[in-house]
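Asks: Got a structure here, written out as structure tokens. Questions coming.
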Amino acid sequence: MLGSVVAGLTSGGVYALLGLSIVLTYRLAAVVNFAMAVIGAMGAFVMASLTDAGLNVWPALIVGAVSGGLLSAVLGAGLVRWFGAHALRTKAAVTVAVYVALMALGLRLFGSVTTGARRFPQPFDAPAFVVGDVVVPQAALVSLALAVLITVGVTLLLGRTMFGLRLQAISERPATAEVVGIPAPRLALAVWTGIGALTTLVIVLVAPRLGGDFSTLGNLVTTALAVAMIGAFHSLWLTLAGGLLLGCLEGAAASLEAVQAYRGVLPFLVMLALLWWRSRHEVWDTATAAR
Amino acid sequence: MAEQILDVRDISVARGDVPIVYDVTLGVQPEAVTVLLGANGAGKTTLLDGIAGLAKTTSGTIGLAGQAIAGLPTYRRAHAGLGYAEQARTVFRSLTVEQNLLVARTGNGDLGTAYRLFPELERRRALGAGHLSGGEQQMLVLARALLGEPKVLLIDEMSLGLAPVVVRRLMSAVRELTSLGIAVLLVEQFAHLALEIGSRAYVLRKGRVVFEGPCADLAGDDDLLKQYYFGTAEDPAEHDDTAEKVAAEGEAR
């Protein structure tokens with residue numbers, strides 16, 4: 001069991017990174033981005049296609065990350081241009097539509113679960129250490145280190161730099177931020193581009209372990225949303241912890257024969273539990289309840 | 001007419017596709033307070049939003065110190081020297097008082113000037129802006145606008161929901177702005193207070209300018225003001241209230 005939990009950390013770092021991408025998009029661009037993972041998958045498959053064509057892995061990775069960043073920037077620009085003043089739920093609905101469209105396009109371009117699994121390069125596949133009978137690969141440490149690095153880095157960026165303060169201002173009051181001279185659309189685009197590129201890197205990191213098919217990778221948004229909910233879409237540290245927790249839970253579930261076939265529902269169970277927990281003090285509107 | 005640092009000509013402004021402000025021409029003189037009055041829903045906030053670039057202008061020109069700014073995005077109008085203190089105390093609540101000021105600072109924007117004008121803010125510089133009182137938040141909005149080194153400052157309903165003593169304090173600060181070389185276009189519900197510190201006044205009714213002249217012509221004459229605010233039964237605009245309703249929604253946001 002302990003070994004399985006440690007093995008779950010391999011996924012935990014990646015889940016944390018995906019959750020951080022969701023939280024950052026929400027905090028800095030005021031959008032719950034359902035299309036985030038599928039955009040990352042698009043970038044990752046651009047990279048895989050280039051390596052399949054014989055390109056060296058590092059330039060392919062750069063092109064893939066740039067592709068994911070640009071795709072994300074296009075979505076961000078559309079949201080800023082046409083939906084900037086709309087409610088959060090409207091913008092979320094737009095990203096759902098983009099998710100559906102990109103999923104269909106990706107499956108068409110890169111194939112389905114059975115036909116489209118790609119061989120992603122595994123530069124960090126060597127074992128890092130062994131716990132019991134579980135070999136923990138370097139990829140687990142890389143994703144963990146990256147998650148901690150991004151959490152610390154973004155926390156410092158937002159709190160200690162003018163760029164970060166201006167991003168906070170934009171996320172809170174985009175119109176007012178422009179009124180005081182902050183080029184909100186330009187900074188928002190930078191955020192969308194950066195998060196798109198980051199998500200691509202994360203998907204590339206996790207792809208070999210999940211089978212490398214477009215559908216599975218694009219649907220990682222479910223896990224990312226569950227992790228973001230643990231961080232209440234705000235706290236970067238709670239999101240980091242949430243990702244690791246979910247990874248460990250998944251590892252533990254994998255070791256129990258009775259539940260291992262159902263471990264895919266874990267993100268949904270986490271969401272349900274959080275929704276129940278956070279709404280436990282809510283009071284029903286008495287006028288409505290009395291009817 | 002005297003030299004104008006903000007020169008708005010024949011401007012029409014819409015909210016979405018609904019026209020709210022029609023062919024308004026107004027001018028703001030340097031180092032003076034120009035007052036813009038009107039009943040709720042007259043289109044005052046929509047007009048200011050149009051000048052600042054937050055609402056769509058469908059016709060007309062806007063000149064700021066000789067530079068045409070109507071085609072510029074909002075943040076570039078700010079860089080050109082147009083400050084805007086929106087209504088509803090739009091501080092960045094997640095930032096401290098000082099951070100609110102710093103994010104708006106351009107060029108030689110000076111924290112010292114802002115703190116001299118509003119010493120209350122210096123004492124609370126490390127406090128989250130969301131924890132300030134309503135009056136302090138309004139001071140912060142004005143101080144923040146100063147950090148952008150505006151040539152013209154648009155101020156919208158800064159007295160909304162504030163105690164009279166705080167409103168008087170803010171009015172005296174607005175008067176001081178002119179001594180710093182800033183021209184002010186002031187929208188204010190307390191007309192008599194605004195007219196006290198203003199030199200020139202405009203009255204807007206149903207999106208159109210119905211009065212333009214010295215503040216002294218309106219000061220102390222409530223009946224005249226009421227007449228300009230609400231018009232007469234013969235006024236054709238009385239029968240078209242669609243624009244007024246939409247403008248009221250815009251002003252309530």
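Positions of Cβ are set from backbone N, Cα and C atoms, glycine also.
No curator has checked TrEMBL annotations; they are predicted automatically.
As annotated by TrEMBL, transmembrane segment applies to A:6-24, A:31-51, A:57-80, A:92-114, A:134-158, A:187-208, A:220-249, A:261-277.
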Asks: So, do the transmembrane segment (A:57-80) and the transmembrane segment (A:187-208) meet, by the test of 3 or more Cβ pairs under 8 Å (sequence gap 6 or more)?
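Replies: Taking Cβ pairs at least 6 residues apart, the transmembrane segment (A:187-208) and the transmembrane segment (A:57-80) are in contact, with 3 or more under 8 Å.
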Asks: May I ask you to check whether the transmembrane segment (A:134-158) and the transmembrane segment (A:187-208) make contact, with contact taken as at least three Cβ pairs under 8 Å and only pairs 6 or more apart in sequence counted?
Replies: yes
Asks: Cβ under 8 Å, sequence separation of at least 6 from the ends of the transmembrane segment (A:92-114): give me the contacting residues as numbers and ranges.
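Replies: Here the qualifying positions are 31-36, 38-39, 41-42, 45, 49, 71, 75, 78-79, 83, 211, 213-216, 218, 221.
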